[in-house]
Amino acid sequence: MDPLVDPFGRSIRYLRVSVTDRCDFRCVYCMSEDMTFLPKNEILTLEELDRLCSAFVRHGVEKLRITGGEPLVRRNIMSFFEAMGRHLRSGALRELTLTTNGSQLERFAADLARVGVRRVNVSLDTLDEDRFRKLTRWGRLPQVLRGIEAAHAAGLRVKINAVALKGDTEEEMFDLVQWCAKEGHDLTFIEVMPMGDIGNEMRLDQFWSLRDLRARLAERYTLTDVTERTGGPARYVRLEETGQKIGFITPLSHNFCESCNRVRLTCTGQLHTCLGQEGASDLRASLRASTMDDAVLDDAIRAAIRLKPKGHDFDYSRGEAGVVGGRISRHMSHTGG
Ligand code: SAM
Ligand code: SF4
């Protein structure tokens, strides 16, 4: 089957799939404490997710990242990972991976490795128990650290994703860098994005530019830009003193749209072809229109890719997070980070 190519000539090779909007944490930059979740009947079943993801793999998607909400809290999620493992074995899929808060990794790390997962992104913004509780509201740090150890023991490569937060990350960035160096984990910092309504004041309070973070890092380390790109949104620097590579994801600058090869599927079957645009295509309707064959679905996928925009539209202009046209109303936990 022909690979998916968008109107700007970008081949779509990477699908991120949110398998649930639910989560066992309530991170302050992601959710409000009293989040309302989608009714269960709106969520795709695991069988439907299998059919959809398999259609994308048939269309040339080589990398699948499972996310959420918290993917590992979805009931029976390992059966889905096992199902996707068959695409690894057939050679159609080059990588099956996930982004997780780590709370359930202790339980699942060995199974994930068994089905063919090789790397896992764990979101961890702090190594301080009190701060962890403050930022995640419901999370407990020791549980996540045990999960990371289990992942390591199962042979999974761990990448830590830390959201850059004013004050908190400023105080702790060197501890995180040193801990990752000691444990052998990769580390990427992410700029807070204006997604979901958690209150505008909160956003401005939270935002800490990665330019500032980088400048702080340079006070203590010699930074060398890593020029080769991985195809993803991150830019990397090497710390000469430790040899570590540190990633920066700054979605607010338009530095990766032109090479963007990814699309995102929500747990309700909406396909977002750009994280920073509101538009989406409803693949659930096409999926449910015919259970006999995938012709309708295949057409709907191709039509959706034809709508992929050239770039995104985030804007914190004039110091106001969430100005018209610059804020995305859905939460990150809905689209999957
Ligand atoms: N629950 C999993 C986790 O936390 O890794 C997967 C889903 S979470 C939505 C994916 C990533 O999005 C996490 O690394 C999280 O820190 C990040 N994230 C959530 N809200 C964000 C926001 N408003 N801006 C930037 N990153 C955000
Ligand atoms: Fe849950 Fe991940 Fe959002 Fe935190 S960032 S509330 S762990 S979905």
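Including glycine, each Cβ sits where the backbone N, Cα and C put it.
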So TrEMBL lists Cys257, Cys260 for [4Fe-4S] cluster 2; which of Cys180, Cys274 goes with them? Cys274
So TrEMBL lists Arg16, Thr99, Lys159, Arg262, Val263, Arg264 for GTP; which of Arg51, Arg65, Arg229, Arg302 goes with them? Arg65
For Tyr29 (S-adenosyl-L-methionine binding site), the spatially nearest of the binding-site residues Thr99, Cys257, Cys260, Val263, Cys274, using Cα atoms, is Thr99
Measuring Cα to Cα, how many angstrom lie between Arg65 (GTP binding site) and Cys257 ([4Fe-4S] cluster 2 binding site)? 19
Tell me, roughly as an integer, the mean pLDDT over the domain 'Radical SAM core' (7-233). 94
In whole Å, could you give the widest CA to CA gap in the GTP site formed by Arg16, Arg65, Thr99, Lys159, Arg262, Val263, Arg264? 21
Sort the binding-site residues Arg16, Gly69, Lys159, Cys260, Cys274 by C-alpha distance from Cys30 ([4Fe-4S] cluster 1 binding site) and give me just the closest. Gly69
Across the binding-site residues (Cys23, Cys27, Met193), the Cβ with the fewest other Cβ atoms inside 10 Å is that of Cys27
In whole Å, could you give the widest CA to CA gap in the S-adenosyl-L-methionine site formed by Tyr29, Gly69, Ser123, Met193? 16
